[in-house]
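Structure record follows, encoded as structure tokens.
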Amino acid sequence: MILRRTLPRLASAKDGSGGGFADGHFPSLRGHPAARANARDAAEKQAALAAKEEEIRDHRRGDAAAASPAPSTVKEFRVYRWSPDAPSRRPHLQSYHVDLATCGPMVLDVLQKIKAEHDATLAFRRSCREGICGSCSMCIDGVNTVACLRPVDTDTSSATTVTPLPHMYVVRDLVVDLTSFYQQYKSVEPWLKRKTKTKTETTEHAQSPEERKRLDGLYECILCACCSAACPSYWWNAEAFLGPAALLHAYRWVSDSRDEYAAERVQALAEGWDKLYRCRMIKSCTATCPKSLDPAAAISAMKTLHQLGKP
């Protein structure tokens, strides 16, 4: 009797019984541990080779990214220039290129960097740098605002244009003459006026919380002149019309419960109509106010008080 030895079947990739490939790649003979070990070693080497190739591709991608230039942070600023020392030279816009990566976030920071590092002759007002004093008011990209509260537009593909407040006489560069503006502010008598005399100068004039709340949105004005410089009615009648800023302060004292001249204040503003009624409710003042106040509403309220005859 002749005994015939049969060959073992190929292990299945799924269950190890039947034809196929073990580990999904290489054939394995059931009952031969060495063959299975060799298949596992080959699969591990192939996986290691694939990982190495992916690492090389990542390295090449990183080199390509490093070779490409970084986005530029240099931005152009076009600043209005005019000097009384050279009256024959026409006003013009001068370009300065500033690296935003080495500068503060506000337009005032840019102007100070230009003055310190690029051109010491540039003239502009500034003081508090916190939106309190109103000194650095100017027109930035067509909008009247204070430079210390205006963030820099980080889009380096377009230039930022900085000019003086419109409809103001220019003293030099970004500095305008505010003499008439302050005279109009003074004309509304922006101080407490009393008919009842107090016993001593140190006597306090008490207010209820409700009376004090009526002053919110009025006393915060910083006299930056952005609203008046944006008002077409003020452009056309600068000598007669007091402008939004002065009228806002006038209403602040009309609304103050401690003041005893409210009726006289309203009547003085309404005389001749030009001081108060030249306002056409265009509301450019409200739109441009950097402190988010509403001078147009204050002017409208004073017109109503005058018409009703009861401030």
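Positions of Cβ are set from backbone N, Cα and C atoms, glycine also.
Positions annotated as region 'Disordered' by Swiss-Prot: 1-70.
Residues or ranges marked as transit peptide by Swiss-Prot: 1-63.
Taken from Swiss-Prot, the feature compositional bias 'Basic and acidic residues' covers 51-63.
The feature domain '2Fe-2S ferredoxin-type' is assigned by Swiss-Prot to 77-168, with sequence analysis given as support. Each residue in the domain '2Fe-2S ferredoxin-type' (77-168) gets a DSSP state, and the totals come to 18 helix, 27 strand, 47 coil.
Summarising the annotation, Swiss-Prot assigns [2Fe-2S] cluster binding site to C128, C133, C148 and lists similarity to another entry as the type of evidence. Cβ neighbour count for C133 ([2Fe-2S] cluster binding site): 17 (other Cβ atoms within 10 Å of its Cβ, all protein chains included).
Panel annotation: around the domain '4Fe-4S ferredoxin-type' (211-241), residues 131-135, 137, 139, 144-146, 165-168, 176, 178, 180-182, 185, 248-249, 251-252, 255-257, 272, 274-275, 278-280, 282, 284-291, 293-295, 298 of the same chain, lying at least six beyond its termini, place a Cβ under 8 Å from a Cβ of the stretch. Among the features that Swiss-Prot reports, domain '4Fe-4S ferredoxin-type' is placed at 211-241.
Secondary structure at C224 ([4Fe-4S] cluster binding site), as computed by DSSP, is coil. What Swiss-Prot lists as [4Fe-4S] cluster binding site is C221, C224, C227, C289.
When secondary structure is read from DSSP and collapsed to three states, C279 ([3Fe-4S] cluster binding site) falls in the coil class. Annotation for C279 ([3Fe-4S] cluster binding site): same-chain Cβ neighbours under 8 Å, separated by at least 6 residues, are C231, S233, F241, P244, L247, A296, I299, K303. According to Swiss-Prot, the [3Fe-4S] cluster binding site annotation covers C231, C279, C285, on the basis of similarity to another entry.
Annotated ubiquinone binding site per Swiss-Prot: W236, in sequence order. The Cβ of W236 (ubiquinone binding site) has no same-chain neighbour under 8 Å that is 6 or more residues away in sequence. DSSP classifies W236 (ubiquinone binding site) as helix under the three-state reduction.
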Based on Cβ atoms within 10 Å, give me the single least packed residue among the binding-site residues C224, C289. C289
Across all the protein chains here, work out how many other Cβ atoms are within 10 Å of the Cβ of C128 ([2Fe-2S] cluster binding site). 13
Enumerate same-chain residues with a sequence separation of six or more from C285 ([3Fe-4S] cluster binding site) and a Cβ-Cβ distance below 8 A; give 'none' if the list is empty. C227, S228, A230, C231, P244, A245, P295, A296
Extra residues within 8 Å (Cβ to Cβ centroid of C221, C224, C227, C289), [4Fe-4S] cluster: G134, I222, L223, A225, C226, S228, P244, A245, L248, C285, T288, P290, K291, L293, P295
